[in-house]
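**Q** My questions all concern the structure below.
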């Protein structure tokens with residue numbers, strides 16, 4: 001049916017824009033980027049979907065009824081097939097090699113931090129395993145196993161003694177006193193001797209015997225006398241050596257004094273003889 005147009009007319013070889021069906025059927029080459037050969041545009045998909053909507057709705061109703069009444073394994077298979085189809089549809093670009101397996105979107109990540117030992121299961125896993133296993137074992141055995149596992153999980157720290165505990169503070173004190181008494185009563189040769197402190201612990205050096213007894217005033221001049229203060233630091237070997245040296249000195253002095261006395265006696269005796277003559 002011809003329409004009356006108002007305005008300038010189109011050129012002779014130009015088609016009118018009203019024939020949308022002719023444009024869809026026209027397979028003229030397109031200038032610019034085009035879709036892949038097996039890829040449908042959204043308009044064609046919408047038209048195809050409009051045409052097949054009635055048939056798909058009927059089939060979908062039948063499939064939904066079958067899925068509701070069918071086994072769960074069949075439902076899972078159909079869901080997986082649908083997911084695979086959704087993943088494959090609309091994919092274009094570089095493809096993986098033939099023998100290369102497609103990785104999951106979220107691959108399992110390695111656990112970071114402290115992990116459970118290899119043979120250790122979480123409480124949730126144990127409960128799931130107990131529920132999944134049918135009643136092959138008696139209920140008494142299962143209850144005992146559950147109680148044992150729960151007790152082992154709740155225990156933290158060292159276990160208490162299983163036998164009777166007879167220890168107490170008073171018993172420990174009595175045992176300790178008994179041991180000390182036995183140690184003192186037995187006594188060795190060294191322990192039988194009276195325990196006394198050495199002289200250098202209880203006595204002051206000779207030059208400090210009057211320490212603190214004199215007038216408490218400052219000294220006007222330094223004390224020229226410097227006694228032997230090595231008494232506090234001498235070892236037994238040093239004391240023995242000093243005693244030997246002191247004995248030798250004393251013996252030498254006594255010999256020298258004796259010789260002088262003998263000489264004086266002789267002189268006195270000669271004087272007496274001379275005076276008597």
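Glycine is treated like the rest: Cβ placed from N, Cα and C.
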**Q** Under Swiss-Prot, the annotation motif 'GPALPP motif 1' belongs to which of these stretches: 1-6, 7-12?
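**A** Here Swiss-Prot associates motif 'GPALPP motif 1' with the stretch 7-12.
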**Q** Check each of the ranges 26-31, 32-37, 38-43 against Swiss-Prot and return the one annotated as motif 'GPALPP motif 2'.
**A** 32-37
**Q** With the ranges 51-56, 75-80, 93-98 to choose from, which does Swiss-Prot describe as motif 'GPALPP motif 3'?
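**A** Going through 51-56, 75-80, 93-98 one by one, Swiss-Prot flags 93-98 as motif 'GPALPP motif 3'.
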**Q** Can you say which of 17-22, 101-106, 113-118 is given as motif 'GPALPP motif 4' in Swiss-Prot?
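**A** In Swiss-Prot, residues 113-118 carry the label motif 'GPALPP motif 4'.
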